[in-house]
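Beneath this line is the structure, given in structure tokens, with notes to follow.
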Amino acid sequence: MHGHGGYDSDFSDDERCGESSKRKKRTVEDDLLLQKPFQKEKHGKVAHKQVAAELLDREEARNRRFHLIAMDAYQRHTKFVNDYILYYGGKKEDFKRLGENDKTDLDVIRENHRFLWNEEDEMDMTWEKRLAKKYYDKLFKEYCIADLSKYKENKFGFRWRVEKEVISGKGQFFCGNKYCDKKEGLKSWEVNFGYIEHGEKRNALVKLRLCQECSIKLNFHHRRKEIKSKKRKDKTKKDCEESSHKKSRLSSAEEASKKKDKGHSSSKKSEDSLLRNSDEEESASESELWKGPLPETDEKSQEEEFDEYFQDLFL
């Protein structure tokens, strides 16, 4: 080799070899010092075929797992079916299931629904019965919706109201007939509803709000019981009493006019006696007030006040 200035040296190669060997020793020592106990050895050579195959299989399994996780249940099922047919043979028709016996939630509720649930019905609850009971609990069971299409045959259909009907006022502020939406002249009726459910005959008292035409349909064969509020009954009683008092006053006035013709002396005496009697009654009532404590008045509870308020609201 040529050195600087064109001079050759016989010791230049030996010096370079010594420096490279020292560097290798230093790197090996540094690697040993920096090596961690769980660290694997570095392969300076080409890996064995078996090791390379294991690494490839592991990487492919990881990718496949991520791919399956990204799928939903249906896509995963179709992939497995296609892989099975691809590797083991067969037809896709063998994997098709018959949908004749499939049931939706609505079918399950129709099969297990009950108009009224008793304690006996809630025994031995299956998932179908639990679903029907959950639907029943969400219904509003104050007023019913009626189907009066077969009223001439004395056949009626009743069901409870759902949330939308309660919000819209159907069955309470509008006619409770399924095919009628009138809101004038509504009357409340109480009907003894007899029905057969799951092979068992049952009865239930049902309240309905119907217009005049639908009330005629309901009472086509025999009249049902009409529900009236307490205040209306009290008003009718008061009206009857007032009319009877008016009649008695008129009759007394007529008799008094007849007696006036007979003589004024007797009328004066009667007036004096009436005035004396009224004065005596007033004095007696005043004396009775101071004899003892005031009579106790029955105070209504909060529940009774709420009941009266809701009766005026609903009827």
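Yeah, the Cβs are placed from backbone N, Cα and C, and that goes for glycine too.
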Problem - Swiss-Prot annotation, phosphoserine - which of SER168, SER248, SER252 - result: SER252
Problem - Candidate annotated as phosphoserine in Swiss-Prot, where the set is SER251, SER257, SER273, SER287 - result: SER251
Fill in the blank from the handout: Residue among SER12, SER149, SER188 with Swiss-Prot annotation phosphoserine is SER12
Practice task
Among SER270, SER278, find the residue to which Swiss-Prot assigns the annotation phosphoserine.
Solution key: SER278
